[in-house]
Amino acid sequence: MEDFVRQCFNPMIVELAEKAMKEYGEDPKIETNKFAAICTHLEICFMYSDFHFIDERGESIIVESGDPNALLKHRFEIIEGRDRTMAWTVVNSICNTTGVEKPKLLPDLYDYKENRFIEIGVTRREVHIYYLEKANKIKSEKTHIHIFSFTGEEMATKADYTLDEESRARIKTRLFTIRQEMASRGLWDSFRQSERGEETIEERFEITGTMRRLADQSLPPNFSSLENFRAYVDGFEPNGCIEGKLSQMSKEVNARIEPFLKTTPRPLRLPDGPLCSQRSKVMMMDALKLSIEDPSHEGEGIPLYDAIKCMKTFFGWKEPNIVKPHEKGINPNYLLAWKQVLAELQDIENEEKIPRTKNMKKTSQLKWALGENMAPEKVDFEDCKDVSDLKQYDSDEPESRSLASWIQSEFNKACELTDSSWIELDEIGEDIAPIEHIASIRRNYFTAEVSHCRATEYIMKGVYINTALLNASCAAMDDFQLIPMISKCRTKEGRRKTNLYGFIIKGRSHLRNDTDVVNFVSMEFSLTDPRLEPHKWEKYCVLEIGDMLLRTAIGQVSRPMFLYVRTNGTSKIKMKWGMEMRRCLLQSLQQIESMIEAESSVKEKDMTKEFFENKSETWPIGESPKGVEEGSIGKVCRTLLAKSVFNSLYASPQLEGFSAESRKLLLIVQALRDNLEPGTFDLGGLYEAIEECLINDPWVLLNASWFNSFLTHALK
């Protein structure tokens with residue numbers, strides 16, 4: 001066979017084929033059939049291009065004799081046969097000058113008349129099988145495929161054969177001649193049988209035995225064997241006319257594909273109704289801390305000791321009174337509960353030795369606030385299955401709420417920097433591998449950007465409260481334990497600081513299942529007057545409990561100090577996730593890292609340092625009614641972190657549904673922006689699925705309003 005190849009083909013073609021095989025580590029002397037196949041393919045590519053020119057008028061003409069006077073341009077650019085680097089250079093320059101989409105794999109030719117790349121195939125098997133393999137391999141709508149066989153058959157994309165009859169006849173004749181020459185030397189059978197399919201990564205996986213029988217049984221109707229089903233699936237053109245495909249499906253499926261244009265999408269409908277209220281477990285921007293610097297008191301680190309020490313830093317306590325009642329609650333009970341906390345803290349101080357934990361007396365006000373004896377009595381099903389009118393409680397539909405401005409303010413605050421650091425730079429050992437080195441550099445840069453962020457304070461506060469509450473729920477199931485809400489940080493000067501936000505009193509907590517609820521009463525300090533945005537504090541009873549002297553530019557001013565009290569509840573699973581809120585740092589770091597990776601792959605070097613240190617560059621942060629908001633890389637880090645933290649603090653079924661459903665619409669809009677001409681069916685159904693999640697949750701409503709801003713700007 002090797003001798004035949006050297007005799008039958010032009011020496012230049014033989015040389016190119018040898019070079020190509022060596023590039024892939026193959027030996028022409030051993031893999032002789034492959035050698036012959038490569039030479040054949042090369043020759044057909046050259047023949048395809050031969051004699052085809054474009055004249056001054058841009059018309060395609062055929063010139064067989066070399067007329068030296070004609071100013072002619074070759075119609076085809078030959079890419080096959082060049083070394084890879086050169087071939088890609090040619091492809092890139094064609095794409096740059098013509099604006100044609102760059103193919104993923106190297107094609108064989110470029111046609112300057114039709115402005116498209118061409119993939120030439122020469123097969124010893126059936127043309128349509130080989131065509132499908134090629135199409136599956138290159139997966140590009142834009143590259144034109146033209147297959148020839150040694151038996152004179154051909155197949156091309158959309159039956160558009162590019163060349164005139166005569167030129168194609170020359171190619172078919174040459175292939176027929178090669179086949180006869182091989183046959184006369186007894187080489188054809190071996191050559192014909194040696195052709196493998198297009199080698200894609202997915203090698204055919206043979207199924208035998210029981211699995212094979214199951215596969216044959218579970219074929220869709222009208223398929224006789226797994227093979228012909230496979231062939232059908234391989235040939236299923238996903239971007240072909242979808243209506244045609246649907247008609248092959250079931251008679252029940254009817255979907256009209258509507259083009260999705262700039263004018264198609266409408267904004268999401270946000271609900272009307274009273275303004276939405278705060279529903280997080282802890283207060284955020286309105287929280288006030290009583291703090292001690294450089295704590296060194298006896299029992300430092302024991303929450304109760306720390307709390308008492310923090311309480312003693314404040315001297316403005318006064319007789320508490322209700323300034324904003326809770327609409328549905330028994331407000332005097334909230335007032336009595338706070339007075340009880342003060343009294344019991346005073347009792348502790350009068351004792352010889354302060355205990356490590358404090359269980360509150362089970363007074364009537366606490367029993368009421370913690371829902372003691374309020375749960376309906378559980379009855380065994382056996383005892384009541386004969387009751388004729390046994391039914392589940394009618395539950396009310398949730399009341400719709402409209403978006404209030406406070407939630408955007410909460411988010412803005414969460415992105416801001418505080419004057420304290422809330423996380424330590426983790427002391428992790430020496431890096432062993434270079435990738436670890438890059439990772440720790442990135443981590444250090446990221447930590448520097450977010451360690452002082454208010455969202456990071458919320459993480460540490462959330463972790464502390466959930467851990468303390470879960471511990472107490474397990475350790476003191478029957479007790480009304482008093483749990484201080486504490487956080488720790490470092491000041492600018494590096495001094496340690498312990499902060500008290502208020503207290504929680506836990507109810508009975510026999511938590512068997514993950515979703516069993518433990519009730520608690522939270523009491524949180526604040527300087528925010530609840531009468532400014534009463535709708536935000538709907539679920540709270542607010543007391544005025546003291547006056548605080550604040551240093552301002554004009555000297556000291558006295559401000560009333562408030563206590564926000566409410567009944568709340570949580571479960572084991574929610575506390576478990578709350579304890580793991582530090583994951584938010586990881587999630588936002590990974591998002592930043594993918595931005596760095598994208599930059600690095602464009603520049604072909606690690607861009608970590610430039611990414612964080614180029615202070616002049618701004619990055620898109622999000623969309624507001626004003627347009628696309630931009631900011632420094634630090635601001636991007638903090639915004640991503642705040643989003644992740646709010647997803648945790650405001651986790652809810654409404655958020656789950658909204659995120660999943662709105663993502664689909666987002667992908668369609670992005671496809672439109674990328675000029676991919678998306679089509680949709682039942683867009684109304686998608687809008688319904690998104691909008692049924694827009695009920696009353698402040699964080700979901702804010703995200704929906706951001707989504708509307710995005711739609712407006714994306715479709716301009």
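In case you wondered, yes, glycine gets a Cβ from its N, Cα and C as well.
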Candidate sharing the Mn(2+) 1 site with HIS41, GLU119, ILE120 (per Swiss-Prot), from ASP27, ASP50, ASP108: ASP108
Range annotated as motif 'Nuclear localization signal 1 (NLS1)' in Swiss-Prot, from 124-139, 364-379, 444-459, 572-587: 124-139
Mn(2+) 1 site, defined by HIS41, ASP108, GLU119, ILE120: further same-chain residues with Cβ within 8 Å of the Cβ centre: ILE44, CYS45, GLU80, PRO107, LEU109, ILE118, GLY121, VAL122, HIS146
Secondary structure content, the motif 'Nuclear localization signal 1 (NLS1)' (124-139) (per DSSP, counts of residues): 12 helix, 0 strand, 4 coil
Per DSSP, three-state class assigned to GLU119 (Mn(2+) 1 binding site): strand
Secondary-structure category, per DSSP, in which HIS41 (Mn(2+) 1 binding site) falls: helix
Rounded to the nearest Å - Cα separation of ILE120 (Mn(2+) 1 binding site) and GLU80 (Mn(2+) 2 binding site): 10
Rounded inter-Cα distance in Å - GLU80 (Mn(2+) 2 binding site), ASP108 (Mn(2+) 1 binding site): 5
